[in-house]
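Features as listed in Swiss-Prot:
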DOMAIN    31-226  domain 'BPL/LPL catalytic'
BINDING   ARG70, GLY71, GLY72, GLN73, VAL74, THR75, PHE76, HIS77, ALA159, LEU160, GLY161, GLY172, VAL173, ALA174  substrate binding site
SITE      LYS156  site 'Lowers pKa of active site Cys'
ACT_SITE  CYS190  active site, acyl-thioester intermediate
Amino acid sequence: MSTGIEATWLGAADYAATYGAMKQFTLERLPETPDALWICEHAPVFTQGIAGRQDHILNPGAIPVVQTDRGGQVTFHGPGQVVAYPLIDLRRAGYFVKEYVYRIEESVLRTLAHFGVTGHRVAGAPGIYVRLDDPFSHAALTGPLPAGDPFRGLGKIAALGIKVSRHATYHGVALNVAMDLEPFSRINPCGYAGLQTVDLSTIGVQTTWEEAARVLSQKLGTYLAP
């Protein structure tokens, strides 16, 4: 199955410059413009979504905060995290935003499965989560989530935030591989106080950024296909 998506490996990329380039790409794209998939990692930066509240940024310190036009609230990007930006014409792809989000999440779930990890969706909280006590368990999340503590026993391993303009997507998804997780304690990740953030290394998966990026890129290419 092929999407015609051309993956571009940006390596270590400045966040503000990449954000500007995504917006420019989307602004200038024509009906025949090929879709793209940018893969990169960023220097430490907090990014705030359009729904973000200032009080969720607890103590940024010297880490810059960039206001963006993506959905969602505040998150952190840093070295050791694979960031993927699909630049897709949804009208040409033939599916709507809700399915687009589902397909991105499915790509992350399949990436985690490649490394033997079982990821989970949480209703109303985009992104992918793992069981802290047993990230390799294949058991589904069952029953209503605890009131006031919907993430009990879970850690967030991938964050998702998108923007759609004239049927075209930008922004994307970030998968934590082996990074300094301390900056996540300086914010309420995605607006949730106390939400624990993990990476593949924390849960016992030893892999390289390059390998995780390769697998995620492949899965996105497959699951974003029309």
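A Cβ is built for glycine as well, from the same backbone N, Cα and C atoms used for every other residue.
Listed in sequence order, GLY49, ILE50, ALA51, GLY52, PRO126, ALA159, LEU160, GLY161, CYS190, GLY191 are the same-chain residues at least 6 apart in sequence whose CB falls under 8 Å from the CB of GLY72 (substrate binding site).
In sequence order, GLY127, ILE128, TYR129, PRO189, CYS190, LEU195, GLN196, THR197, VAL198 constitute the residues six or more apart from LYS156 (site 'Lowers pKa of active site Cys') in its chain with CB-CB distances below 8 Å.
Across the domain 'BPL/LPL catalytic' (31-226), the model assigns an average pLDDT of 94. Pairwise Cα distances among ARG70, GLY71, GLY72, GLN73, VAL74, THR75, PHE76, HIS77, ALA159, LEU160, GLY161, GLY172, VAL173, ALA174, which the record gives as the binders of substrate, peak at 16 Å. Counting neighbouring Cβ atoms within 10 Å of each of the recorded positions (VAL74, ALA159, VAL173, CYS190), the lowest count belongs to CYS190. All protein chains considered, the CB of GLY161 (substrate binding site) has 25 other CB atoms within 10 Å.
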